[in-house]
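Engineer: Please read through the structure below; I'll follow up with questions.
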């Protein structure tokens with residue numbers, strides 16, 4: 001695991017649920033690459049998570065990764081909550097199914113391939129790469145092309 005890659009991610013949702021998208025900025029040495037995709041019906045949290053999953057999946061080999069997100073949900077979920085969810089068979093402390101378990105499991109699998117340091121940055125605070133990701137995610141949400149097959153509407 002020699003290569004160190006910086007990854008910045010953001011998710012956006014126009015309405016929650018509604019059309020959504022993710023934006024990713026990846027940097028290796030001085031080279032930056034961006035990724036984005038829009039979904040017809042999803043949530044903001046799913047887009048935040050999917051951004052991290054897709055960014056890590058895009059790495060062709062195990063790397064040392066500094067992943068910066070403006071989502072406390074993603075950062076706390078993957079660094080703190082996930083351990084007990086796995087012990088409980090993907091149930092919360094009150095025995096309910098973990099929301100977005102499909103993406104938590106995918107993120108868990110991807111983080112196992114890499115050495116990931118999770119960082120949080122305040123959104124909409126002028127952080128260059130976060131602002132780039134936000135714009136990519138918003139543009140993707142405005143032009144959705146995919147179905148979020150894992151999205152499950154809340155029971156009414």
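Placement of Cβ uses the backbone N, Cα and C atoms for every residue, glycine included.
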Engineer: Quick check: of 10, 94, 102, which does Swiss-Prot put in the same Mg(2+) 1 site as 48, 70?
Structural biologist: 10
Engineer: Identify the region 'Disordered' range according to Swiss-Prot, selecting from 113-134, 135-156.
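Structural biologist: Region 'Disordered', as annotated by Swiss-Prot, spans 135-156.
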Engineer: Give the nonlocal contacts of the region 'Disordered' (135-156) in its own chain as ranges (CB under 8 Å, at least six residues past its ends).
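Structural biologist: 10-14, 17-25, 34-43, 46-47, 50-51, 100, 102-103.
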Engineer: CA-CA, which of the binding-site residues 10, 48, 70 lies nearest residue 134 (Mg(2+) 2 binding site)?
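Structural biologist: Going through 10, 48, 70 one by one, the closest to residue 134 (Mg(2+) 2 binding site) is 10.
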Engineer: So which other residues, same chain and not among 10, 48, 70, have a Cβ within 8 Å of the centroid of the Cβ atoms at the Mg(2+) 1 site?
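Structural biologist: Going along the sequence, the neighbours appear as 9, 11, 12, 47, 51, 69, 71, 74, 123, 130, 133, 134, 137.
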Engineer: Other than its own, how many Cβ atoms are within 10 Å of the Cβ belonging to residue 70 (Mg(2+) 1 binding site)?
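Structural biologist: I count 21 other Cβ atoms within 10 Å of it.
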